[in-house]
Amino acid sequence: MIRVLGIETSCDETAASVVTLDGGGAPKILSDIVLSQIEEHAAFGGVVPEIAARAHVEALDGIIEAALADSGVDLADIDAIAATAGPGLVGGLIVGLMTAKAIAAAANKPLIAINHLEGHALTARLTDGLDFPYLLLLVSGGHTQIVAVRGVGDYQRWATTIDDALGEAFDKTAKMLGLPYPGGPNVEKVAATGDATRFAFPRPMKGSAQPDFSFSGLKTAVRQAATAIAPLSDQDVADICASFQAAVADALDDRVSRALNRFRQEFPGEAKPALVVAGGVAANRTIKATLEALCEKAGFAFVAPPLKLCTDNAAMIAWAGIERLRAGIAGENTADFVPRSRWPLDSISAPMVGSGRRGAKA
Ligand code: KG4
Ligand code: ZN
């Protein structure tokens, strides 16, 4: 039996969780506590790094205590502490990693520094018992990436965004149209009553041989359309949201279908490979339906873990710790580990863009 305490503080969720792996190889989430800071940031229309770091300091002790209490596992019986050490907002990373180091030192436990993206990448093995290799589409407020997941610690980033993350594009569109933060769910809600054919927004990167994503041109097109017809009626806003969402779904369809083709070529032995989605944007029904249809056509299994485990949480961090322990590659993470605001999953993929308000994107 392996028992790991996970800690996540890389953005605007303070989270702690205890996950176990029994002798038969079955994982179990014993506790999974996530405190969202949405209310603290809502007035500013996005995550404010200093507010996030302070909120983590205030909440983290209590969240860890609650996660241990909920799990019924004594700290003395925990095998290791796994904490997100990057990429993300450095203030939050410092709070989480320093707390983890302190607990590890006091309780004489090993510390495992986890790459947040590895947490997302391995979640489908915790929830669905997926075997390697598989393809991951991560679409959140901070990241938009396609990653070939080949093994524990063995990832290849095939695509990333060259400007905004997709969730960020939803959030900025919402802000422009006067919809509340966080924008994604509100854009989706309003889009349901809109006409998706009214505005012919660009499909960024569609048809490009380069596999990457781009959303800033689409954002500009939305702003220009909104300015041209201002003041906006409720119906105008709904039509813009629906047209924006259709453009995004279409662009994703094109980008992801390229990656599915590449996966087929690189892993010809996989009869029914899987595409896994993660990140808050995976909640969007139009996007989900688009990806599902694409997978169906391409002969891929479509795997969408429960939303609570798709969005930021500490169970995925604890699980990544378990995977590393099991694979015997937890040892390189010592108490000397320094938080990394930038930390690409694979060493060959260079960072593409600067830091947003949710931290570095690659
Ligand atoms: O993974 P997540 O919870 O957190 C981080 O990015 O750290 O993702 C949040 C992002 C936000 O940008 C939010 O607007 C977007 O996911 N989002 C959505 C939907 N629900 C959340 N975007 C589109 N449609 C949704 N239904
Ligand atoms: Zn995340």
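Here, residue 1 is simply the first one shown, and the rest follow in order.
Note: Cβ is positioned from N, Cα and C throughout, glycine not excepted.
These features come from TrEMBL:
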BINDING   HIS116, HIS120, ASP312  Fe cation binding site
BINDING   LEU138, VAL139, SER140, GLY141, GLY142, ASP171, GLY184, GLU188, ASN284  substrate binding site
DOMAIN    28-319  domain 'Gcp-like'
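Mapped onto this structure are the features recorded in TrEMBL.
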residue : record                 : DSSP class
HIS116  : Fe cation binding site : helix
LEU138  : substrate binding site : strand
GLY184  : substrate binding site : helix
ASN284  : substrate binding site : coil
ASP312  : Fe cation binding site : coil
Select, from LEU138, SER140, GLY184, ASN284, ASP312, each of the binding-site residues with a Cβ positioned under 6 A from at least one atom of ligand 2; if none does, say none.
SER140, ASP312
Measure from each Cβ of the binding-site residues HIS116, HIS120, LEU138, SER140, GLY142 to the atoms of ligand 1 and list the residues where some distance is under 6 Å.
SER140, GLY142
Among LEU138, GLY184, ASN284, these being the binding-site residues, pick the one whose CA is nearest to that of ASP312 (Fe cation binding site).
LEU138
Relative to the mean position of the Cβ atoms of HIS116, HIS120, ASP312, the recorded Fe cation site, which additional same-chain residues have Cβ within 8 Å?
GLU8, SER10, CYS11, THR84, LEU117, GLY119, SER140, HIS143, ALA278, GLY279, ASN313, MET316, ILE317
What binding-site residues in the list LEU138, GLY142, GLY184 lie within 10 angstroms of HIS120 (Fe cation binding site), counting C-alpha atoms?
LEU138
In Å, rounded, how far does the Cα of GLY142 (substrate binding site) sit from the Cα of HIS116 (Fe cation binding site)?
11
Using only the Cα atoms of LEU138, VAL139, SER140, GLY141, GLY142, ASP171, GLY184, GLU188, ASN284, which the record gives as binding substrate, return the largest interatomic distance in Å, rounded to a whole number.
19
Rounded to the nearest angstrom, how far is the Cα of HIS116 (Fe cation binding site) from the Cα of ASN284 (substrate binding site)?
22
Using C-alpha atoms only, work out the spacing between SER140 (substrate binding site) and HIS116 (Fe cation binding site) and round it to an integer in Å.
12
Pairwise Cα distance for LEU138 (substrate binding site)/HIS116 (Fe cation binding site) [Å, integer]:
12
